[in-house]
Amino acid sequence: MKLAHWMYAGPAHIGTLRVASSFKNVHAIMHAPLGDDYFNVMRSMLERERNFTPATASIVDRHVLARGSRKRVVDHIIRKDKEEGPDLIILTPTCTSSILQEDLKNFVDRASIISDCNVIFADVDHYQVNEIQAADRTLEQVVRYYLEKSHTLDQFVTDAPSVNIIGILTLGFHNRHDCRELRRLLKDLDIRINQIIPEGGSVEDPKNLPKARFNLIPYREVGLMTAMYLNKEFGMPYVSTTPMGAVDMAECIRQIKKSLETLAAPILSSKRVDYESYIDGQTRFVSQAAWFSRSIDCQNFTGKETVVFGDATHAASITKILAREMGIRVSCTGTYCKHDAEWFKEQIKDFCDEIIITDDHAEVGDIISRVEPSAIFGTQMERHIGKRLEIPCGVISAPAHIQNFSLGYRPFLGYEGTNQIADLVYNSFALGMEDHLLDIFCGHDTKEIMTKSLSTDISPIWDPESRQELGKIPRFVRDEVKRNTEKFARRKGILNVTVEVMHAAKEALS
């Protein structure tokens, strides 16, 4: 457990609740004190759904601490079974209530005897894992539970090419838009979708998962454990290459073709798809990003530096797109997914100057302040950091705020996703001449000059004459001049920045 003002990944019970509320007709009960039950409000605000979030709290209060939780938890499960009639109830403690060390598994076993629905206890170590790891583990636990419960399974694969999409879930970054784009891609490839879990799926669906010819895991964060379990138990191949960016899109499609050819069962399809021709046609004529990367607009990015930070999937993919497809220098790339650090480093080692693995936002902020990139691509926290440093930021990963749960169609995966990413990259960079013209003609950019830095060091104080002189400098280089002057002043031990200090700093740099 960790006390922090900001966490990139929430506590473990949030991951369990995300999986539970993604399935249809599944109810989650969290054994928690008041204050830990904010998931309902958060999901209702961000997802903007009509339906209520199917999660309630069995509150730990002074009465529970005095007499124990068994009666309250069991009664809560039975009451929700009668009121809601769910197919499954998942009970999870929170990191706070886990301190009590109660045998909740025993409570679940007792409630299972009385209730009509299935009841399981989320088997997650709340002291060791975060939201992402817990979501991955909970999904695998639900799939395993229903497959083992079925006893006799129809393991005959479909005659036509078919796939399971695993890992689309509520509060995921643009997950629903990505799911629509994956549907379009698979339809073009004449591949039938067998199941999509957990988002919108039923808990009765997992027993049909082995009928598909392969599994597609669009994000490493959630779904990989389930795919590995299905591969071990049923020999199902899986594709875990994220179809983000033109190059990885092509690689993902080639892996899909390879996976379909793995099984000995013959494929009966209404049409034969030429995968290489499809890749060529989509890359050249459907995706606008391919020609845009060779245009004069994209060439203007030459020499620009960026910093990328996010979950392992999005940070790695965006880094490769920037460096390999758009020719933009990535000074530093990082992720807060410490558990996937080895894979992350292997993916982006040839595409950036520096790699950082951390869940400390202050450390990320210090790196951004040191590198002084032209643009940042990160989470909501990097957006806040960028605002403080007056560096533009494009949000490419969770955690994100409500503006990144758009009502419009904005996928990151697939060929339409390449267009969205190209737009995001282009619009995230500050165009120097545009800012300069806005300054000259008193455009919308009329805010005061920012003289505070992100660093906790004492910043030199600018006198009125030096502020006025700084205001005469074109805005697209003003921040750089300000930072270089302050660095010079700190190095020389100067506390007050004057016009003379500005000129001295300029001479020292030239």
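Cβ coordinates are placed from backbone N, Cα and C, and glycine is handled just like the others.
If you look up Swiss-Prot, you'll see Asp297 marked as active site, proton donor, on the strength of sequence analysis. For Asp36, the entry in Swiss-Prot reads [4Fe-4S] cluster binding site, with the evidence type sequence analysis. The feature substrate binding site is assigned by Swiss-Prot to Gly432, Met433, with sequence analysis given as support.
Within 10 Å of the C-beta atom of Asp297 (active site, proton donor) sit 12 other C-beta atoms, taking all shown protein chains into account. Rounded to a whole number, the C-alpha distance linking the residue listed as '[4Fe-4S] cluster binding site' with Asp297 (active site, proton donor) is 48 angstrom.
All protein chains considered, the CB of the residue listed as '[4Fe-4S] cluster binding site' has 20 other CB atoms within 10 Å.
DSSP assigns Asp297 (active site, proton donor) to a helical segment in the three-state reduction.
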